[in-house]
């Protein structure tokens, strides 16, 4: 195996020969083999071991083993202890998920601080096959069937083309010792179930399963590139505008392709939507209809679909009270400050001046709502806010994100747009209040 | 299940309500349930049963069962006997493959002759899952992971959304009888291995496996449409010409995309190529390099890749001898005729006139080869055929398909292009021979 490994590194991962490497090591067979192979190739590496304190004495023995391995190989070793169970409870996730998050966070931090170029993990071809089967079993799309990437930012998996059997043969041939992970032997976890019950039968059906699988992955990954190329051309056609409020797509672009649902899925799949029939129905729906995911909304607005996060529309339904004593307050739209000033200076979209005596505290900061009425400063008479925004040709999204400051439910400021005549500074004003949004 | 079936037919397969249907029936649980469901919906159908004579008495009992079922349902039944083992031996294929070919050939013939609109087979969701796993295990690309189509030309599979379990519940609830297929119970075949050993574990992991699988298939099929759309746009860019000789692609088009190998694979995958690295190397190879499959060649020619069948280039290496007595002969390039005529008429690309006395029989018909020399009629002097074709700007493919008639290895006719001066009709000619290619 070591000569195949050498060829593989030289041909496909020559970046590792120049870099400073950090090998993630559990003490299990895979990562121990990776360390030995890197050592034989005289790559420049250190070891990083996580002690998750999940298996009492066994965890301590793993740690001791890794320390002695580092000594044997003459390399540096980093050890970190985690209280995995506490983390899992706090984050309401599984122990496995907790261990995964803790591990990668620490590796990345370590790599950043100590300037390691690459983090190496020991995933191999059988891990890759198991991941494929897990995704398939759960239900997925093409992207879920493309396997573990060999290089993903600074994380590199040099053993990915090699099978578990090759690794086992290597340790036998070289009399290498390693630590059996107790959880590997049990069938407790999903992955072990596939490993012990499903994969052996598939290998019985096709003894060349791992080779066929590599070819399949290669073809599927190649296909992904074609899909991405088509989607990128499609987006160029479809996207009208894209800013911090959201992205606007031409409905006509979806209607021009052969399979609109396919494009809807590909374009919006990363935003948590699950009701794809509802999404498709939007194309024909009345203006104003929308579909929500946990994080986003997709809104039909005339000839467009608008994608926006839920953040603004949902989290900000509550109003905020601003008391007389407040000089500065953090709000969902920025920092509002209230200052007594002696004279007017430049008025802008983000600054107004009001006669403090006209205000009744606490003021209320909230999104505008139907029925709100504005006496636009400098004009005689009043106007519904809805009509004002329409006349000003404010976009649907901007409308949704327009806030007001009220005094006794009378609008003082249609924020960013217009102050109200009723609260303006006059020659009788004694206390001028400057209100600024930053 | 029957109400779900009814909804499914009404929503997705309403074509079946108007058509004349032929149900392929083995007597096994799936096809028997399909027949009962179609009967309950009062669809207009007949049964067609293949007796493959593979299981002696059991095969006879299956046949008798189907006949009595037809009687019970009050429908027509067609029975056909096959000698499957003989067919399999003759066609060097497996018994399963033989049965499959025989079955579909007969169904299609029957449907054509008796004007059935659709042939119905009883494949269900579990069959579909097994097919996916078989393809995956063997190694495949996206198209191998898109499942069995519900409608494929005139073959329709109405049970595809239903699980084996639903079918089993239906027979229990309705006390329907059917014939156990002995081969189903054994683990003899690949499919049964997956059915009994692999799928149950996957269903244990995810009890909603079949639903997830339907979603996965939907997504993958949607993705196929996107890929096809991109490939069709790519072909418009890449294909320079397409005729009976082959198809010519601009190499620049492959170099302009993000992943040339992906496009090479998708464009040429249906022509039997397996050495994809060699195919990719062609883009940079010297003009004249080629890669062969069992049926096709891909040739690098200057700035182009030319795809052509092997037929012309391989099968026609042999020369054909034409004796004096021959008046007409079938050749790989068409029918050649030799006729004595009294006077010259119109010469054309496909007709020449020669002085018979100048010929030495038998003549030889063969592809031109390096070293061939032509004395072009109407010119003084001679020219190498290679130079002649180059000067005439004949395309690579046409060059390869250019034949000659020789007399004692001297060229009489560069067929379709030029006669030879040495054999022309003169005022001394006594016997004029008219040679025509049709």
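Backbone N, Cα and C atoms are what each Cβ position is placed from, and that goes for glycine too.
Curation plays no part in TrEMBL annotations; they are all automatic predictions.
Note that the structure is a prediction, hence the values are computed from the model and not measured.
Feature list (source: TrEMBL):
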{"type": "BINDING", "residues": "A:26, A:27, A:28, A:29, A:30, A:31", "note": "ATP binding site"}
{"type": "COILED", "residues": "A:210-237", "note": "coiled coil"}
{"type": "DOMAIN", "residues": "A:363-435", "note": "domain 'Lysidine-tRNA(Ile) synthetase C-terminal'"}
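Here the features listed in TrEMBL are painted onto the structure.
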{"residue": "A:26", "record": "ATP binding site", "Cβ within 10 Å": "21"}
{"residue": "A:27", "record": "ATP binding site", "Cβ within 10 Å": "25"}
{"residue": "A:28", "record": "ATP binding site", "Cβ within 10 Å": "16"}
{"residue": "A:29", "record": "ATP binding site", "Cβ within 10 Å": "22"}
{"residue": "A:30", "record": "ATP binding site", "Cβ within 10 Å": "22"}
{"residue": "A:31", "record": "ATP binding site", "Cβ within 10 Å": "24"}
*In the domain 'Lysidine-tRNA(Ile) synthetase C-terminal' (A:363-435), how many residues does DSSP call helix, how many strand, and how many coil?*
15 helix, 27 strand, 31 coil
*Neighbourhood of the ATP site (A:26, A:27, A:28, A:29, A:30, A:31): other residues with Cβ within 8 Å of the Cβ centroid, in order?*
A:25, A:32, A:33, A:122, A:178, A:179, A:181
_DSSP state at residue A:28 (ATP binding site), helix/strand/coil_ = coil
_For the coiled coil (A:210-237), mean pLDDT (0 to 100)_ = 93
